[in-house]
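J.: Quick one: this structure, given as structure tokens, is what I'll be asking you about.
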Ligand SMILES: *Cc1c(COP(=O)(O)O)cnc(C)c1O
């Protein structure tokens, strides 16, 4: 729960806004760093999860690298202070301009998602007189047991190179003078809570790694992506993801040669719990069967429920400790002209009134960064605790 100090601070800020608990963020980053260091694992933060400046500054200070999925993310990462040799650039559709700019910055590695992209990067690198470090993103056909819209490692997904295309990839790599293969890359999906998915990934990585090594390729880096999930139901009870258990799986199941680096790209698990969307009840609408709380925040501020039917815990923070009753459930909706603009259906809440403050928890990942201007909404602002 929020402290009374924080709550009184909320009263003076115009809603809606994002609230970041920077102390919790720091604790999370520190916990992840310590767990990774134990195995000498390298973490790159997936910037797309949250590129709020205060957030990425903290991430940078912790010593992580940056995993970027657009040219602007690459620029931003370097601007904030990430050393270019800790920046990787993934994405299924990198434009020529984005590639050239990243080449000029001498980033650590391009995670390449198709054979044609390999050829294009080789050509552009030749024109710039550079050698591009690349890792092949391979689609391991591993099910992440997560929501279909955030599964990325199946053959039907658009991401990565499929295994049957590896011989063709190897051909291109061998004849491309301006490419330097650093390793192989995988990312099977997001919000993965069944850790068995990562075991299956390790088995696949070992197999594919052997395939490359048998053909004389030296792999300096095995990049296993991100995807570690958080528990959206237990924001208070488990505010920090179990990084220990996660890394331990890779230590146990991944075959690693001496000198081979293991890289991770975590996004959500590092930032999700430290953010909340704070909003006010504008109206209470009582129907015959339904009660609605109409908030001043909507899918334009937090799109996850509309985009992937995501669950977020919703609390009336103006009435801490007030009783809820089985008989009083609210559909919690926003003001946007879309039926999917709904944060939760049949949510058990204490009786709520116009003006009450509502917190939508665990909104630090894929929240603020997905905000849109739809309906010509105001730009969402952020408030921070700690420093
Ligand atoms: C989104 C993404 C990540 C981070 O995923 P999380 O679920 O937030 O950990 C990592 N790598 C790549 C290539 C991604 O696209």
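Backbone N, Cα and C define each Cβ position, glycine as well.
Bear in mind that the values here come from a model prediction, so they are computed numbers and not experimental data.
Feature list, courtesy of TrEMBL:
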- 18-364: domain 'Orn/DAP/Arg decarboxylase 2 C-terminal' (DOMAIN)
- 31-272: domain 'Orn/DAP/Arg decarboxylase 2 N-terminal' (DOMAIN)
- 48: N6-(pyridoxal phosphate)lysine (MOD_RES)
- 227, 265, 266, 267, 268, 366: pyridoxal 5'-phosphate binding site (BINDING)
- 268, 304, 308, 338, 366: substrate binding site (BINDING)
J.: Tell me, if you would, which residue among 265, 338 (binding-site residues) has the fewest other CB atoms within 10 Å in the structure shown?
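T.: So among 265, 338, the binding-site residues given, the one with the fewest Cβ atoms within 10 Å is 338.
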J.: For the binding-site residues listed here, 227, 267, which shows the highest count of neighbouring CB atoms within 10 A?
T.: 227
J.: Distance between residue 308 (substrate binding site) and residue 268 (pyridoxal 5'-phosphate binding site) at the Cα atoms, whole Å?
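T.: Cα-Cα, rounded: 15 Å.
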J.: Which of the recorded positions 48, 304, 338 has its Cα closest in space to the Cα of residue 268 (pyridoxal 5'-phosphate binding site)?
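T.: Of the recorded positions 48, 304, 338, 48 has its Cα closest to that of residue 268 (pyridoxal 5'-phosphate binding site).
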J.: Filter the binding-site residues 227, 308, 366 down to those with CB closer than 6 A to an atom of ligand 1; keep them in sequence order.
T.: 227
J.: Given the binding-site residues 227, 266, 267, 304, 338, find the one whose Cα is closest in space to the Cα of residue 48 (N6-(pyridoxal phosphate)lysine).
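T.: So, spelling it out, the nearest of the binding-site residues is 267.
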J.: If you measure residue 267 (pyridoxal 5'-phosphate binding site) to residue 304 (substrate binding site) at Cα, how many Å is it?
T.: 15
J.: If you measure from the Cα of residue 304 (substrate binding site), which of the binding-site residues 227, 265, 266, 366 is the nearest?
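T.: With Cα distances computed to residue 304 (substrate binding site), the winner among 227, 265, 266, 366 is 366.
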J.: Please list, in sequence order, the residues in the chain of residue 366 (pyridoxal 5'-phosphate binding site) that are at least six apart in sequence and whose C-beta is under 8 Å away from its C-beta.
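T.: In sequence order, the residues whose Cβ lies under 8 Å from that of residue 366 (pyridoxal 5'-phosphate binding site) (at least 6 apart) are 48, 49, 50, 268, 303, 304.
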